[in-house]
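Here's what TrEMBL has on this protein:
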- 6-26: transmembrane segment (TRANSMEM)
- 38-55: transmembrane segment (TRANSMEM)
- 67-85: transmembrane segment (TRANSMEM)
- 97-116: transmembrane segment (TRANSMEM)
- 122-144: transmembrane segment (TRANSMEM)
- 156-180: transmembrane segment (TRANSMEM)
- 186-210: transmembrane segment (TRANSMEM)
Amino acid sequence: MINDFLIWFLDYVQYFLILPLAVGILNYKYLKGETMAVFYYILIAIFFEILSRTLMHLKVRNTLPFLHLYTVVEFSIFWLFYYRFFKVFYSPLGMKVLLVTFLLFAILNAIFLQKINTFNTYARGFESLIMIALSLMAFNKIIVELDTRYPTSQPVFWVNSALLFYFSGNLVVFVMSNYISGDNKLLLVSWGIHAILMAILNSFIAIGLWQTRRQ
């Protein structure tokens with residue numbers, strides 16, 4: 001029964017994207033800076049989801065090259081979110097170096113380590129490590145600068161919490177996938193966890209975008 005639920009959830013978790021999309025459209029006039037970057041992510045995620053399902057319908061066997069591309073785009077957008085939020089609190093130059101470093105790693109990984117037709121667990125894992133670090137840095141900025149008496153009223157609090165949950169969990173999933181590739185049951189469980197993390201990510205982002213009305 002659990003396996004049936006995980007298979008069903010994996011098929012339909014993408015519909016959680018509708019929630020932050022709807023909230024983003026309703027609150028579009030309140031979006032600015034880092035929250036606008038988050039809305040960009042939702043649009044890009046929906047585009048790639050539609051592309052993936054279209055390719056599956058056309059019976060394209062291997063869509064992993066698009067995952068390599070998606071990883072780069074996803075990282076760049078979330079990097080933009082943090083870059084706009086940090087401003088000069090942390091070194092802007094350091095942030096730019098971080099972006100270039102990841103992009104170079106992702107490209108070299110696709111060429112030499114995990115070919116473009118294979119799953120890019122190294123790049124995804126490296127992305128997760130960076131995002132975990134950035135989310136912790138963001139919480140430090142929130143504590144230092146923002147109104148910590150009511151942190152849940154801040155859009156950044158919800159988005160940052162979403163990214164910390166999502167990438168922390170995904171780091172475990174990507175590490176596990178390198179060792180349990182031959183065990184279909186464990187793979188299903190790990191990707192079921194990934195689906196749950198996606199649901200949390202999009203739900204928290206929706207809450208964060210809703211909080212932009214209070215800014």
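Note: Cβ is positioned from N, Cα and C throughout, glycine not excepted.
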Same chain only, please: residues at least 6 beyond the ends of the transmembrane segment (186-210) with a C-beta under 8 Å from a C-beta of the stretch. Say none if there are none.
3, 5-7, 9-10, 13-14, 16-17, 19-20, 22-24, 27, 31, 35, 38-39, 41-42, 155-159, 161-163, 165-166, 169-170, 172-173, 176-177, 180
What residues in the same chain, six or more past the boundaries of the transmembrane segment (38-55), come closer than 8 Å to it by Cβ-Cβ distance?
14, 17, 20-21, 24, 28, 31, 63, 66, 70, 73-74, 77-78, 80-81, 159, 202, 205, 208-209
